[in-house]
Amino acid sequence: MKENGLKSFKDLVFGNPAVVEENPHVDDGDENTERGNWTSKKEYLLSTIGYAVGLGNIWRFPYLAYKNGGGAFLIPYFVMLVVTGIPLFFLESAFGQFCSQGPINIWRAVPIMQGVGVGMVMVTLIVSIYYNVIVAYSLYYMFASFQFPLPWSACFSWADANCSTTPAGSCNETGVLGANWTQENRTCPSSVQSPSEQYWDRVALQRSSGLDETGPVVWHLALCLLLSSILVCASLIKGIKSSGKAVYFTATFPYVVILILLIRGATLEGARDGIEFYIGSQSNLTKVLDVQVWKDAATQTFYSLSIGWGGVMTLSSYSNFHNNMFKDTFVVTLTNAGTSVLAGFAIFSILGHMAYIYQMPVGEVVKEGFGLAFIAYPDALSKLPISPLWSILFFFMLLTVGLDSQFTGIEVLTTCLTDAFPKFLSNKRSLVTVPTCLILYLLGLPCVSRAGIYWVTLMDQFVASWVLLFLTLFEIIGVCYIYGGNRFIEDIEMMLGKKSCGFWLWWRACWFCISPGIIVVILVWSLMTFTSPSYGGVPFPSWGLALGWCMIAFVLVWIPAIAGWKLLRAEGNLWKRLKTLCSPAEDWHPFLDAHRGERYSKESRQARGDDTVDPNGISSSWL
């Protein structure tokens, strides 16, 4: 009895063993020789983890935890992970693996919703432009770290009169430095800036006064951007066959650095204060009752797991048909969450030491995003013995984390192109990858001008924001409500093996009710509380904000545009056209004949009415 129970549990978690026995090549090279598969399961998992674990885990999660009650933030975060993150990651993984297609062709399942896939690709295109620039920032700082002392450790020749190694809080009301500092008779500047802040603005970025003042291209950033593009191109020159080898290093090395920084940080004076400020005794449990905290937790879950970007579906489309994506979902999502928490400990232990040196509260040291990665943390590292070593490790970690995410972003674009022209491009990956990386490099050049940081912020705030929630909501509507949740579950069971009704009860609840309900609430809340973005206290001009809204329209307009275009091309009256386009296209099925089984045989499809679609009425290709 006990043995039977154990067997049932294994079937539940790892799939039906019978399915694996019938398909001995599940983890053994390419079963799909035309399109290709991951060389091994390890490469798929490392690539997916590398894609999910991005810069947001390093510079956004710790700040959100600090802002939203410290350890108390973990309660809504893990709740949202369970009710939205894991279910939607499972949905996207299964959707992509079933048909072995990218985020555009995948909508052969519901042709009228193909604009959702195009919108995802447009988001990835825009994000890939500025994400490559952030990787270039990391490269520049890593190269700059090969100096002693670090160039931002003091006010050198590049600084102006406002630069001071003394924090502004140390000045008394008369503007004179306090007695704890050696420069007692020096008057504080009216606007004090740390060396790391001035180095970021005046040397690294050569930042202009605003988006209106573009200025020339910053040559050292342009060269770093070129190097970043070459690294990405070289890693993807053969598609997943080459990127799968690169992730053995790029997906694992960040964990080595995080552990090294954590161990080093834990030995520093003031580290305990930093960690307690993060999720320790200073946690504010009353924050759990704040709606904004739950909104931040849900948003971080979506963005951290890259749901709605198209990358999860793209990576899973190269898995073998009977791969257990259910188990993979838990491995990736829990690793991603654990990385966020672990990175927070490493970040705050060293920020606590910085607060100890400056004799100021930890909260005044903490920054978000660029401020943490390129101002606060470099400043803290410059205070450590052998500071260049720790700085090199930190920025090399940012580089590898950024490259992993960029790999998948480019893979989304190239996969959609090869899926559109499989006969011409499937075996010529270099002809797709090299031009794609070159175009992205050229498009990124405005982002390395003197106004570049404003362009990066504008694209990040408008495109990589609640627009993704719109795409995810339409994705759920398309899969669960139009294609049909029961039909989708049957598709998954073709890959995993038969499951009990009780097994699907939770996933049905999340897919049909809980996840879309939470997305709608977050969308409404985000729109109600929307504020115009700015950078460094500099507001964007009206034309810049208008351009931001145009980027949003550029992403979302594909949904109604493609739906309308397909309705015009279909035959019959309006109801017949709508019904036709809400039914799977003729070529919606598993990629290989061997996996289609009885459900997707021609006779079975005709009996269900799936083959009544006029192939001239709609285009199964996204072109």
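Placed from the backbone N, Cα and C atoms, the Cβ positions cover glycine too.
Candidates considered were C163, C171. The record in TrEMBL pairs C155 in a disulfide bond with C163.
D404 (Na(+) binding site) sits 35 Å from C155 (disulfide bond), counting Cα to Cα.
Taking pairs at least six residues apart, the transmembrane segment (301-318) and the transmembrane segment (44-62) share three or more Cβ pairs below 8 Å and count as touching.
Stretch with the largest number of CB pairs closer than 8 A to the transmembrane segment (116-143), among 74-95, 330-358, 389-410, 431-456, 462-484: 389-410. Sequence-distant residue pairs (6 or more apart) of the transmembrane segment (431-456) and the transmembrane segment (505-526) include fewer than 3 whose Cβ atoms are under 8 Å, leaving the two stretches without contact. Local packing around the Cβ, expressed as the count of other Cβ atoms within 10 angstroms, is greatest for D404 among the binding-site residues N336, D404.
Taking the centre of the Cβ atoms of G50, A52, V53, N57, S304, N336, D404, S405 as the Na(+) site, the nearby residues of that chain (Cβ within 8 Å, site residues left out) are I49, Y51, G54, G56, S306, T339, V401. The transmembrane segment (546-568) shares more Cβ pairs under 8 Å with 462-484 than with any other stretch in the list 44-62, 330-358, 389-410, 462-484.
At the 8 Å Cβ cutoff, the transmembrane segment (246-263) and the transmembrane segment (330-358) share at least 3 close pairs (sequence separation 6 or more) and count as touching.
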